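Asks: This is the feature table in TrEMBL:
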DOMAIN    41-87  domain 'Transposase IS204/IS1001/IS1096/IS1165 zinc-finger'
DOMAIN    91-141  domain 'Transposase IS204/IS1001/IS1096/IS1165 helix-turn-helix'
DOMAIN    157-262  domain 'Transposase IS204/IS1001/IS1096/IS1165 DDE'
Amino acid sequence: MRESRIWRLVLGVQDTVIERVVFDEDADAVIVSVRPVARARHRCGLCRTRCARYDGGVGRRRWRSTDWGEVAVYLEAPAPRVSCREHAVVVAVPWARHGAGHTRSFDDTVTWMATQMSQSATRELMPIAWRTVGVIVARVWADTGMQRDRLAGLRRIGIDEVAYKKGHKYLTVVVDHDTGRLVWAAEGRDKATLHKFFDELGEERTSELTHISADGASWIAAVLVARCPEAVRCADPFHVVAWANQALDTVRRAAWNRLRNRAAS
Ligand SMILES: [Zn+2]
């Protein structure tokens, strides 16, 4: 294995030439000088389309990569900007997303961590501010959305609401039961919010849905009747068990009251 390939693997970069790896005493960090391979130059940092060069951007700059053990690592290179027809003026380097101060692999690592642990734990492990976790997740989410159609091939979905800000705000979320993935989320929990999901999905893909699970909320049921009456509606087990427990409590209370009255009379 060639040395440059090892560096690329360790740094998690593609289409990148490693020019030099040095330890910068002042920054107390490893600095890796890089440049894009020829075929990756002048590609839009968002859609990867080849574009005309716009300008040299801010000149030479650094992107933080994931640490090597206890040592901070930065990629360093010029950050030229290109003019993309769709995305206007954007930074065009293969190792980082447009607008990012971190490398793609750093962003991807933080995003994965955010799905596995709390935002605070992510911030403790990675050298970033608490707010940056959210910024990075949003950037990766937008990027993923551009590369793949999350709503393609949906057959069996679940619709639910999630509370946040101590129950003051809600998100409506849609999951794909076949892959276990979250495919859509939006602020709010009302008919208008859920209609937005079906607008995005479109009529043809909606007609391909076979099963939809949801809790018993009437606002969800009303939209399902209007938008996709053909799909089988299922109650998810969590709510079925909760309803059964509530019913059991009612019966238990009634029995208790009956017995108490009988004992008193
Ligand atoms: Zn573009």
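Placement of Cβ uses the backbone N, Cα and C atoms for every residue, glycine included.
Just so you know, TrEMBL annotations are computer predictions that nobody has curated.
Note that the coordinates shown come from a computational prediction; the quantities given were computed from them, not determined experimentally.
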Asks: Averaged over the domain 'Transposase IS204/IS1001/IS1096/IS1165 DDE' (157-262), what pLDDT does the predicted model reach?
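Replies: Averaging the confidence scores along the domain 'Transposase IS204/IS1001/IS1096/IS1165 DDE' (157-262) gives 92.
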Asks: Using DSSP, how many residues in the domain 'Transposase IS204/IS1001/IS1096/IS1165 DDE' (157-262) fall into helix, strand and coil?
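Replies: In the domain 'Transposase IS204/IS1001/IS1096/IS1165 DDE' (157-262), the DSSP-based counts are 53 helix, 31 strand, 22 coil.
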